[in-house]
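Notes to accompany the following structure.
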Amino acid sequence: MRPSGRQPDQLRPVTLTRKFTRHAEGSVLVCFGDTQVLCTASVLPKVPPHKKGSGEGWVTAEYGMLPRSTHTRSDREAARGKQSGRTQEIQRLIGRAMRTVFDLRALGEHTLHLDCDVLQADGGTRTASITGAFVAAYDAVSVMREKGQLVGDPVRDFVAAVSVGVVDGVPVLDLDYPEDSACDTDMNVVMTGSGGFVEVQGTAEGTPFSRAEMDAMLGLADQGIRTLISLQKQALGL
């Protein structure tokens, strides 16, 4: 039995609360159990230098954790004067995941800027960020459509993410913090609604994992992401 009482193939309770803040074109509070992330999507009338004059837009992301989102307070990265390698890795992952399912040409020369701020961390903050950021981006695109800012429909597919791992020799879905800190293997999987893999990040924590365990973890991730995409569609009224 897992510490949370869940079955190996069971997600934590997941909620996606849209229009959580007032000013951003898209905003979502995403909760995976006790992990809470505020995802906002802003539409900017400009693109990075490498996209200027191309007729294409851009999708990018920033990620951060509030000082007391974890058990002990950590300094703000702004106070330290630089982002950690972990932060940079996660925000690049979020941006890559979004660009996989957006047609940049249909955005015109606009940037969708996603901000993912962790309010409370209990494992899986990067996967929750991706899952919530897509819904925020979808809402931002709807605002662009209403304003006549789009060249076409930029949303090509849905995208979501989940963590999987091996804990005490058992492959499990959606690790919380106690499991994440004690697991034999930790893997983050990003997939599209059509079943394509966007990213697979897997690391053994001391004990190598077998091909059978990897296949089992990917199977759990596929199942979990299908459920998450259904929840995204439900939240969007689709």
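Note that Cβ sites are derived from N, Cα and C of the backbone, with glycine treated the same way.
Taken from Swiss-Prot, the feature phosphate binding site applies to ARG86, GLY124, THR125, ARG126, supported by sequence analysis. Note on ARG86 (phosphate binding site): other Cβ atoms within 10 Å of its Cβ, all shown chains, come to 11. The secondary structure of ARG86 (phosphate binding site), as reduced to three states from DSSP, is helical.
Taken from Swiss-Prot, the feature region 'Disordered' applies to 66-88. With a cut-off of 8 Å between Cβ atoms, the residues of this chain six or more beyond the region 'Disordered' (66-88) that come close are 117-121.
Within its own chain, THR125 (phosphate binding site) has THR35, VAL37, MET65, ILE90, VAL118 as residues 6 or more apart in sequence whose C-beta sits under 8 angstroms from its own.
In sequence order, TYR63, ILE90, LEU93, ILE94, ALA161, ASN188 constitute the residues six or more apart from ARG126 (phosphate binding site) in its chain with CB-CB distances below 8 Å. Each of TYR63, ILE90, VAL118, ALA121, GLY123, THR127, ALA128, SER129, ASN188 belongs to the same chain as ARG86, GLY124, THR125, ARG126, is absent from that list, and has a C-beta within 8 angstroms of the C-beta centroid marking the phosphate site.
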